[in-house]
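A.B. asks: Structure provided below as structure tokens; questions to follow.
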Amino acid sequence: MEARAQSGSGSQPLLQAPRDSGRQRGEPDPRDALPQQVHVLSLDQIRAIRNTNEYTEGPTVLPRAGLKPAPRPTAQHKHERLHGLPEPRQPSRPQHPPAHPSARASLARSISTVSSGSRSSTRTSTSSSSSEQRLLGSSFSSGPLADRIIRVQPKSELKPGELKPLSKEDVGLHAYKCEDCGKCKCKECTYPRPLPSDWICDKQCLCSAQNVIDYGTCVCCVKGLFYHCSNDDEDNCADNPCSCSQSHCCTRWSAMGVMSLFLPCLWCYLPAKGCLKLCQGCYDRVNRPGCRCKNSNTVCCKVPTVPPRNFEKPT
């Protein structure tokens, strides 16, 4: 038992030998002194180094003409600011030295520059808006016409040159009258008036009484067949298939008789064509202003010359 105790006690120097081999005897172990150097700080001892951020770069504002731009901090100021920063924290020194006064001066200068620039920009915008309101108010309020609203387009007075009488050509155009009815016999007045018609479907289809009858009685199919079967380019039988004066009259009527067995609506074409002629005559009789007499004498009516009026304004 004693031998084991001696061997157990002798093992400690053997373990401590390699740890202390690089250090002379009598020197203290730094790991033993480390817990003595660390100090625990309380909440009262902890305080902020600086309250504001030194990096203050405001929005760029254009300087006014009368103001000089504030000088930017030079390299010397930056160097002073870097030197003015506190040193890194060490465990043996809990208190830190205050910042350099040059850094605080540069910080105050930059803040004042930003505030002065923002004030100048607000003054400029306020002055420009007030000047615009002043100009608009003066333009609307100036003059006696500001309170009056124009609702009707003003009409210009007629000039004496615009009130000219009819020329001799216009008067002589309707000078020839019929001896029996007394109506004008000029070409414009005696021309027959057709029934009204109009273009529909974006001016692609003509809507007229004749086209309504052609499509309603299936005569358009007969016209298309005659057009494709005709060898003569000058043959107009496709335009008027029921004509008796054109060539191939018997052939056309025979073909229409055979087609009427399959298209019974072709039998309504001739009665519809007669009704169209009757309506055309009635419309022409009502709307034609000229003479409709076939054999009548023409009388030339002389229009008395009227001296031109004097359209001068009374004084």
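Cβ from N, Cα, C; glycine included.
Model, not experiment: these values are computed from the prediction.
Residues or ranges marked as compositional bias 'Polar residues' by Swiss-Prot: 1-14. What Swiss-Prot lists as compositional bias 'Basic and acidic residues' is 20-32. The compositional bias 'Pro residues' annotation in Swiss-Prot covers 88-100. Here Swiss-Prot flags 109-140 as compositional bias 'Low complexity'. Feature annotation from Swiss-Prot assigns domain 'SPR' to 177-291. Summarising the annotation, Swiss-Prot assigns region 'Disordered' to 1-38, 51-140. Per Swiss-Prot, region 'Required for interaction with CAV1' is recorded for 118-315, and the stated evidence type is similarity to another entry. Per Swiss-Prot, the feature region 'Required for interaction with TESK1' maps to 178-315; the stated evidence is similarity to another entry.
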A.B. asks: Determine how many residues of the region 'Required for interaction with TESK1' (178-315) DSSP places in helix, in strand and in coil.
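C.D. replies: Secondary-structure breakdown of the region 'Required for interaction with TESK1' (178-315): 61 helix, 11 strand, 66 coil.
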A.B. asks: Need one number: mean pLDDT over the region 'Required for interaction with TESK1' (178-315).
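C.D. replies: PLDDT averaged over the stretch: 82.
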